[in-house]
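TrEMBL annotations:
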type	residues	note
TRANSMEM	44-66	transmembrane segment
TRANSMEM	78-94	transmembrane segment
TRANSMEM	100-119	transmembrane segment
TRANSMEM	131-149	transmembrane segment
TRANSMEM	164-181	transmembrane segment
TRANSMEM	190-223	transmembrane segment
DOMAIN	193-331	domain 'O-antigen ligase-related'
TRANSMEM	229-251	transmembrane segment
TRANSMEM	315-339	transmembrane segment
TRANSMEM	359-386	transmembrane segment
Amino acid sequence: MDSEICPYPSGNGSAEEERERGRFWFVLTLLYLVMEYARPMDHIPGLGLLRPGLVIGVLLGISWFMQGNFASLWSRQTAMILLFVTLLVVHIPFARNNFYAYNSAKGVLLYMPFLISVLMHVDSFKRLRTLFTVWILLMGWLSVSGIAGKGKGGGNFLADENDFSLLMNMMLPFGLFLLMYERSCRRKMLYLAASVLAVLSIVVSFSRGGFVGLVAVLFVVWLFSSRKILTLALTGVLALVLFFGAGSAYWEEMSTITDQGETTAKERLLSWEAAWDMFLDNPQGVGGSNFPVRFAEYQDDGFTRGMWGRAAHSLWFTLISELGIPGILIYTALLLFNVRDLSWLRRLRERSGDDDVRYASYLSLAFSASLVGFFVSGTFLSVLYYPHYFYLTAMIVVTRRVAEQRIGSYACAPTVSCASRGDDTPVGGWAEA
């Protein structure tokens, strides 16, 4: 095959050797993910003093220059994330509380070690599979931690029951769809066990937003599955786990979801009204993490005290009030680019005898359900600056990229439009009729 016509590596020779040399950096990337989510520093006294996340992040930064493959970093999603960070930085000098705005920008910027490293070092299906095996193991570990901690999985974004259940709703679809994909009984048992534990951990959290997100995730899993009866049976098993794992107190708590007169729900609605008014007065946004600072100016008489410092309790209302129209456009574009890539991956489903391509298509379904879990649960939480969505975006990008490389290695020819050149039709004519 003519290398000038087909831009993909042939899969042998020096290209393979170069990939092997990058194995150490790939392992560090996985270790960074483990540190971020398993958070061993919350369980091992003194470990936090060593700043393992910072050390690994610095090493990963070194790897970028040693690897030198900066062309792999480019994607439409990468551009949107950089614009998102830039917008946060631009707001700093104009925000009422510059320190809060600075911390928001710095927080998202600190996600870059993992984002860049995934884009640079996950360059094959072998590594992609390893990445998601670690992701499933993390789901199992966090589920056990959450059950033991009564809905709290650790520190930082795992210290709150609602935040914890949101993450579980994002991780659960990967267990379910990989269970459907897998042919190995041993791995099927791993995915099933991790999924059951995830559902139980959501129950233990007593999170109403988590329950709504769980229902949405299970519905989307059933909707996207090609084997509706089998998926319905699987969903039924998880529903039984939910039913028997939850006591009467849980269902009593869930019954208040639609009660707008309930104190928490009423305060949340009033917070959303304040965020909307803040957006109308400041269409450019008030700056990262500055909704709580400005809340008192817009609070309704329904509050019995000053609301300075209270969060918007919604991803969407945090977005519109703090980042305004520019943030809405950037965040929407990021979502649309993700949806576009997932649509491309779904069109590969069952179109090839290549098991790796089939794996990627199942991942696309898991990504889609995961995004639903994040956005549904996030509707009731201030999670705009959490790492989950940005990390998931990087995973979507590399999944499409390795799928393109695999398809291109045997389908790219002078008469075929290569997907890497911007054509969203799968190469080899794999578009759905």
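Glycine is treated like the rest: Cβ placed from N, Cα and C.
Bear in mind that the values here come from a model prediction, so they are computed numbers and not experimental data.
The stretches the transmembrane segment (78-94) and the transmembrane segment (315-339) are in mutual contact, each linked to the other by at least three Cβ pairs under 8 Å (pairs 6 or more apart in sequence). DSSP places the residues of the domain 'O-antigen ligase-related' (193-331) in helix, strand and coil in these numbers: 99 helix, 0 strand, 40 coil. Per-residue pLDDT, averaged across the domain 'O-antigen ligase-related' (193-331), gives 84.
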